[in-house]
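Annotated features, as they stand in TrEMBL:
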TRANSMEM  9-26  transmembrane segment
TRANSMEM  46-66  transmembrane segment
TRANSMEM  78-97  transmembrane segment
TRANSMEM  103-127  transmembrane segment
TRANSMEM  139-159  transmembrane segment
TRANSMEM  192-211  transmembrane segment
REGION    233-254  region 'Disordered'
COMPBIAS  236-246  compositional bias 'Basic and acidic residues'
TRANSMEM  291-312  transmembrane segment
TRANSMEM  324-348  transmembrane segment
TRANSMEM  355-376  transmembrane segment
TRANSMEM  382-403  transmembrane segment
TRANSMEM  415-433  transmembrane segment
TRANSMEM  445-464  transmembrane segment
Amino acid sequence: MFLSESKKCLIGAVLIKIGSALLLTWGKTNVYFYSFYKQTEPDLSIAYNTLPIAIMALPIALITIFSVKIARKVGFKLHIRIATTMQCASILIAPYMPTYLTFLIFYIFLYGIGYSSVAFPVFSCAWSHYKKSEGRVSGLLLGAYGFASVIYVIIITYISNPNNQQADLQTEHKTQIYKYFSGSVASNAQNAAQIVSYVASLCCLIGGFLIRPYVQTTQYNQVGTGDQKIQSFEEETPKQNDKEVQQDSSVEMDPSSVAVNDLPLEIASDHGLPQIKIKQSLSAAIKSMQFLTIVCCLSVLTLFLLTLGLNYKSYFLSKINEDFFITFVDLVALLASSFANILWGFLIDRINFKILFAIIYFVSGLGAIALPFSAADKMSFFIVYVITMMFDKGALVVTGPALIKIFGDDIGHQLFPLTYISSLVSVVVGPVSQFILLKYFSFDIILYCQGSLILLVIIFIIRLNMNYQK
């Protein structure tokens, strides 16, 4: 039985997210790759795990912001196929690079460019087939993204360190001590990178050739002496009633009731009856207080996630020097957050965005502050870390559907990739500020400060106006 275009698109989107999830594992696995290259580069600094990535992330973030706009000009299908092919090639080449820097260029930079090029166009394509179910689709894609990262972490960890050896070497960077591996663990890392590259590249390639946006076809049939225009749709979502369809297609208004700040207006005529359609301005939406508030809030949370993600294993190994346990905790957190992402997707279709956002930020802020304390006890660390990850990963899931509810379908789709400005800010501010602050403060202090900042932005979330008016 052949699959419909909608199902092919959804499967393709899921596969691309699975193939792209390898990028999410960097903070949990970079200690193995660092240990591998440290064998041939004795003077290799631990700063290579953060600073070069911050520099590489600038063009990656910029491409992400404009990815949907580029895809619209090039064509979504062609754009996604080019990007996924780049992902496939770069990740296959990366494990064979002779130096750590060249490894990072292929494993993070070029692979990341491919990922950033498709990250939001994939959502747009999937949403176009499943109208009114954006939250559930977002949750499914990000859930698959999280589940895949769990598999990658398991593969890399158990191939690199099958006997659960402790990190027996250490290097000092300013006020922080980092531990890494020697011997067989370090040597196994290249083999682990090769295996995960095969899986990721295959998923990206297949997904890129399956996904395509929803296409509306128009046919003309001769009926009697006149032409009748018949529109057929390939969408497979549950049918809406005629009244809802008419409401979606145009908004009928009394011209005298239109306020000046609702302009510009497009006046159309259908069967001699005037209709007025409000054309929203993307530039006005970008400058709106709602969008700026959402981006600022996301920047604060992304800063914490990036800081913790880039240093997860090296930081917690210095507190709990048990590689398998730390990996296990992260795997449980990834699984839990993947299930939670699906739940967040269902909730945003039913609950007010402000309520969900405030809950996410409250728990995430408390979790960031509690993490350094919790690391003194295994069970406490397990509980705090898992709960924190379940909530803070939900912010991106609810943001896309929320933008559509606030700004409308067309503008909301275009604004969603622009929220990646938050990541652009984070990848610049995070590693650079960490490099400077670690000269004077411990990593614990950095987490305390970031957690307090997350709690502070709840004030702006509460004051957010959900009704957009230009």
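Using N, Cα and C of the backbone, Cβ positions are placed for all residues, glycine too.
Counting C-beta pairs under 8 angstroms (sequence separation of 6 or more), the transmembrane segment (382-403) reaches the transmembrane segment (291-312) with 3 or more such pairs. Counted over residue pairs 6 or more apart, the CB atoms of the transmembrane segment (355-376) and the transmembrane segment (291-312) come under 8 Å in at least three pairs, which marks the two as touching.
The list of residues near the transmembrane segment (324-348) in space but at least 6 beyond its ends in sequence, with Cβ under 8 angstroms from a Cβ of it, reads 28, 135-140, 142-147, 149-150, 153-154, 157, 161, 164, 312-313, 316-317, 356, 378, 381-382, 385-386, 388-391, 393-394, 397-398, 401-402.
Residues 16, 19-20, 22, 70-71, 103, 105-107, 110-111, 113-115, 117-118, 121-122, 125, 190, 193-194, 197-198, 200-202, 204-205, 207-209, 211 of the same chain lie 6 or more positions beyond the ends of the transmembrane segment (78-97) yet place their CB under 8 Å from a CB of it. Of the recorded ranges 9-26, 103-127, 139-159, 291-312, 445-464, the transmembrane segment (46-66) has the largest number of C-beta contacts under 8 angstroms with 103-127. Outside the transmembrane segment (103-127) by six or more residues, the chain places 9-10, 13, 16-17, 20, 22-23, 26, 33, 37, 48, 52-53, 56-57, 59-61, 63-64, 67-68, 70-71, 76, 79-80, 82-91, 93-95, 97, 134, 137-138, 141, 193, 204, 208, 211-214, 400, 413, 416-417, 420 with a CB less than 8 A from a CB of the stretch.
Within the chain carrying the transmembrane segment (139-159), a Cβ under 8 angstroms from the stretch's Cβ atoms is held by residues 10, 13-14, 17-22, 24-25, 28-29, 32, 122-123, 126, 188-189, 191-193, 195-196, 199-200, 203, 323-324, 327, 330-331, 334-335, 337-339, 341-346, 393, 396-397, all 6 or more beyond its ends. When Cβ-Cβ distances below 8 Å are used as the criterion, the transmembrane segment (192-211) is approached by residues 8-9, 11-22, 29, 32-33, 77, 80-81, 83-85, 87-89, 91-92, 94-95, 107, 114, 118, 122, 125-126, 148, 151-152, 155-156, 159-160 of the same chain, each at least six residues removed from its ends.
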